[in-house]
Amino acid sequence: MSQVILDLQLACEDNSGLPEESQFQTWLNAVIPQFQEESEVTIRVVDTAESHSLNLTYRGKDKPTNVLSFPFEVPPGMEMSLLGDLVICRQVVEKEAQEQGKPLEAHWAHMVVHGSLHLLGYDHIEDDEAEEMEALETEIMLALGYEDPYIAEKE
C-alpha cells in the first residue's frame, strides 16, 4: 500500500484554527499515492513575512503567495522517498478563501492538492499544462468531497 509520510511544521505566530494534521495527511493521500509508492512531504504553514521572503528569493515576486513548492532533486544513483516541501501562507489562504467565497477548509485542501501536483512535476505555465493540471486538481477535489476549485472561472 502506498504511504505518504508527512512532516508538518506550524510556523505561524498563532497556530490556532489551522487544519488538523490528519486533514493535511488526508489531502496528501488523495494526490501522491496515485503517482508513486512511497513519499515524504514537508508542509510548513507560515505567516506573510516568511512567505514574502521566500517568494522574493525563489520567484522574484515581491509579495507573499498562497503556496510554494520546492521539489527535492534526488542525486543520480540514489533512491530516496523525499518528494519535497510545501510552504503555505496562512493569511493568504484565509484572505483568498474569503475573497473567492470558498469554504476555508476547501481552499486549504486545494492548496495542498495544487502544491503536491507541482512537487510531482505538474505546472501551469503553458495553457495545455494548465488545463491538465486543473483537470487533475478538480478530479481530486471532487473525490475529497469538495467543489471544483475552478468553478467560478468556468461560469
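Placement of Cβ uses the backbone N, Cα and C atoms for every residue, glycine included.
Worth saying up front: this structure is predicted, and the values here are computed from it rather than measured.
So that you can see what the record holds, here are the features copied from Swiss-Prot:
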- His114, His118, His124: Zn(2+) binding site (BINDING)
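Around His114 (Zn(2+) binding site), taking its Cβ as the centre, 24 other Cβ atoms fall within 10 Å, counting all chains. The Cβ of His124 (Zn(2+) binding site) lies under 8 Å from the Cβ of Ala130, Met133, Glu134, each of these being in the same chain and 6 or more residues away along the sequence. Residues Val67, Ser69, Gly115, Leu117, Tyr122, Asp123, Met133, Glu137 surround the recorded Zn(2+) site, their Cβ atoms falling within 8 Å of the Cβ centroid of His114, His118, His124, which are themselves excluded. Cβ neighbours within 10 Å of His118 (Zn(2+) binding site), excluding its own Cβ and spanning all shown chains: 18.
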